[in-house]
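Some notes on the structure that comes next.
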Amino acid sequence: MSSSLQSNRQSLNRKVAVMGYPHVGKSALVLRFTQNIFPERYESTIEDQHSKHIAAFHRDYHLRVTDTAGQQEYTVFPRSCSLDINGFILVYAIDDRKSFEMCSNIYEKIVRTYGDTSIPIVIVGNKTDLSTQRVVRAEEGEELARQWDAKFVEITARESNRVHEVFELLLREIEISRGNLSPTERPNGNSPKRNPFKDDGKPCSIS
């Protein structure tokens, strides 16, 4: 494709939301993806909107990301997540059992709001850099993903490449759900020779 055609190629708009219990690293995940920074100090998020242009699957995307405020119980589903969201990232911390359990509550709210169990979801077990404090096994995240027909990965938001892979995985699921992409296609247009979501030699399913 010529450079003139590439410059005139229109970006496809997609909206995603990042949800989870307080203190699990949602904002760190979003800031690492959109600005390539990692906040060392925790600051409570009310709600932030971010965006990033990315190229994947031979297309250009304008990805709008809603960084939601963490709730203790999620008795009220965020209004910003009730309309026009194409996919969700549900984040828990591997050192926080309550945050993992809260993912089920959030999932139920998503299904109830959208009336659809097939909406693209990626479950993220964050803070693998705190592996010595782990209380949630990777197998538990994998099982939850199987139950929901979702995707599951474990990462640390400190690693930029891994964070980008999470958002590309969700984007891939969104495009598959819209009939725009083959399930075997990856961001570079090739089928992978290895599982791209392995952390320090430990298996992490994409189920």
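Even glycines carry a Cβ here, placed using N, Cα and C.
The GTP binding site annotation in Swiss-Prot covers G25, K26, S27, Y42, T45, N126, D129, A157 and is backed by similarity to another entry. The Cβ of A157 (GTP binding site) has 26 other Cβ atoms within 10 Å, all protein chains considered.
S27 (GTP binding site) falls within a helical segment according to DSSP. Residues or ranges marked as Mg(2+) binding site by Swiss-Prot: S27, T45.
The compositional bias 'Polar residues' annotation in Swiss-Prot covers 180-193.
If you look up Swiss-Prot, you'll see 180-207 marked as region 'Disordered'.
Taken from Swiss-Prot, the feature S-farnesyl cysteine applies to C204.
Secondary structure from DSSP puts D129 (GTP binding site) in a helix.
If you count neighbouring Cβ atoms within 10 Å for each of the binding-site residues S27, D129, the highest count belongs to S27. Of all Cβ atoms in the shown protein chains, 27 besides its own fall within 10 Å of the Cβ of N126 (GTP binding site). For G25 (GTP binding site), the same-chain residues 6+ apart in sequence whose C-beta sits under 8 angstroms from its C-beta are V91, A93, N126, K127, A157.
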